[in-house]
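**Student:** Dumping what TrEMBL says about this protein:
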- B:14-35: transmembrane segment (TRANSMEM)
- B:47-66: transmembrane segment (TRANSMEM)
- B:73-91: transmembrane segment (TRANSMEM)
- B:97-116: transmembrane segment (TRANSMEM)
- B:123-143: transmembrane segment (TRANSMEM)
- B:170-190: transmembrane segment (TRANSMEM)
- B:220-239: transmembrane segment (TRANSMEM)
- B:259-284: transmembrane segment (TRANSMEM)
- B:291-310: transmembrane segment (TRANSMEM)
Amino acid sequence: MEWLNAIVQGALLGGLYALFAAGLSLIFGVMRLVNIAHGDLIVLAAYLGLTVTAATGLHPLLALVVVVPAMGAIGYALQRGLLNQTLGDDLLPPLLVTFGLSVIIQNGLLEVYSADPQKLDAGALETASLSVGGLSLGILPVLTFAVAVAVIWALQWTFYHTSLGRAFRAVSDNQDIAQLMGLNRRHVFGLAMALALVVTGIAGILLGIRTSFDPSIGGGRLIFAFEAVIIGGLGNLWGTLAGGVILGVAQTVGAKIDPGWQLLAGHLAFLFILAVRPNGLFPRIAA
Amino acid sequence: MSNQEYQVTRSSNAARVAAILGAIVVVVLIAAPWWAGRADMRLMGEMFLYLALASLWNLMAGYAGLVSVGQQAYVGFGGYMLFALTMFAGLHPLTAIGLAGVLGALISVPVAVLIFRLRGAYFAIGTWVIAEVFRLSFAQVSALGGGSGSSLPVGIVKSLADARDTREALSYWLALGAAVLVVAAVYFFLRSRRGLALTAIRDNELAASSLGIDIWRTKLVVYIVSAALTSMLGALIFLQKLRISPDAAFSVNDWTAFVIFIVVIGGIGTVEGPIIGTLIFFALRETLADLGTVYLIVLGLVAIVVMLKAPRGVWGLIRSRFDLQLFPLRYRVIRRGPSKGA
């Protein structure tokens, strides 16, 4: 029963990792950009939530109403103002520019909010639980997982059933031809990054409610997101959810064996899958 | 017009002058224990180690297309090997440094086989995962102090030399030697047959492979050599620090972010770039370090601006303006002047 509990808790934790990863997966799918600052943007969203709740006294989940559009706007501005200039055949510019961005965000947060760990106070929601068949499930993890499923379903739907999604798929397939067909790829990329950061905004708030955070944890979140994407297979959003779940389960089971093994077990599970299935479990496109 | 009017050569006057000046500078630097203060020597020693790290990162990213954000894996690994080999195997620190390099090369092989499956930017994050695995693993080893780390016992430090001055001079020379060795190794590697293959890969991977270059193997060699030398540098770094902990040993900021800034600002894909970059980085650090986090923000901004506006860095700007090449790698066709006569 204890083991079953660890597995279920891990699967629910995987929902959060899938939310970290969905944005990363989306922008890679649309413009082949890997954003090293992704984890720091998640932390930035958590801090935005902190500022909003402190200023207005809103519940963190209601702060989403402010944080999510703000992150979307940041995403669009970031892509049009900076990241579009880095796209091309050369791998180095996007990688190193987002790396520089990561350092700037991290130290900017440090300057504004200090290194003290912070947390979003969600009141009774943090401790509420329901029991299912002898297992006690926290409402928050269940809610997070449900949000992850809803977000991935919504992204999937956007991709395949809207004109925006058609534009995403078009620039993903061939930028030049999409441009000839009247799509402004710079604008499309901006929208893709905006959408990715909308998801990141949700992920940041849920992270902030679940655990304490400080400016230095962005790198770790990027790694979880990346592992979930690779485990699930590039370009497959449902695969990313599965990847997040596998990572979450590996971590909680590892922690069950020895508390010091939590993170290590997650990384080892990732390396194992990389060794046996280099393209991930459910690949859709080649890297 | 006969063929003899033209000459294909690597060397140039600038390169010859640079070689002579470089040799003089190295001699002056070797003599530093007799003319520099303790603090200056410490700073210079640190600069040499960063120069060496930067040259290796540049070899990987600038030539082999292996952009790693996980070289701290080998810095930390080397540091821990120094501690383990001296404390438990009773080796002399210098022997331990050499052995750390060998062990770094050995462990880099299975690592490379795994992460070479990832391409481009995903390779970069994959290297970071490896560094995290190393950090978390060493944090589990209680004999080495676990998560809080351990200090090098006095006896081992003294085995290097009894007097403090001698010890400091020795560790300074080791750092200088490491920098000279690494820069020279990178330079001669690039001049060699394999280096030519590497340059071809950098310029066009598809064309290189159609000429029969084994890309995977060439990159593997670069990765292993960089891992071995980075491990030795890590051992040297922690021989100077005398204390190691997982967070310090596997710090992504200290051993990768700064190194990337040095290479990007100085000029990626050139031998001269890391040297210029190290000088600029330390000049910035010594003037702005009091600003704390603002200094790092400035560094990030400078790196972004350089990457967007001058992707070949400061050295790239100089080279394109004056057609200079201090480490002659490229062949040039020179028309001999009539006075020199053919």
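Using the three backbone atoms N, Cα and C, a Cβ is placed for every residue, glycine included.
Keep in mind that TrEMBL annotations are predicted by a computer and have not been checked by a curator.
Tell me about the setting of these features in this model.
**Tutor:** If one looks beyond the transmembrane segment (B:14-35) by at least 6 residues along the same chain, the residues whose Cβ comes under 8 Å of a Cβ in the stretch are 41, 44, 165, 168-169, 172-173, 176, 180, 324-328.
Sequence-distant contacts of the transmembrane segment (B:73-91) (same chain, six or more residues past either end, CB-CB distance under 8 Å): 53, 97, 99-101, 103-104, 107-108, 111, 127, 130-131, 134-135, 138, 143-144, 150, 152-153, 156, 226-227, 230-239, 241, 244, 246, 249-250, 255.
Proximity of distant same-chain residues to the transmembrane segment (B:97-116), defined by a Cβ-Cβ separation under 8 Å and at least 6 residues beyond the stretch ends, is recorded for 73-74, 77-78, 81-82, 85, 91, 123, 126-127, 130, 174, 216, 219-220, 223-225, 227-232, 234-236, 239.
For the transmembrane segment (B:291-310), same-chain residues at least 6 beyond its ends with a Cβ under 8 Å from one of its own Cβ atoms are 260-261, 264-265, 281, 284-285, 316-317.
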**Student:** Hey, which bits of the same chain come close to the transmembrane segment (B:220-239), Cβ under 8 Å, at least six residues off its ends?
**Tutor:** 49, 52-53, 56-57, 59-60, 63-64, 66, 71, 74-83, 93, 96-98, 100-105, 107-109, 111-112, 116, 152, 160, 171, 174-175, 178, 182, 185, 189, 194, 198, 249, 255
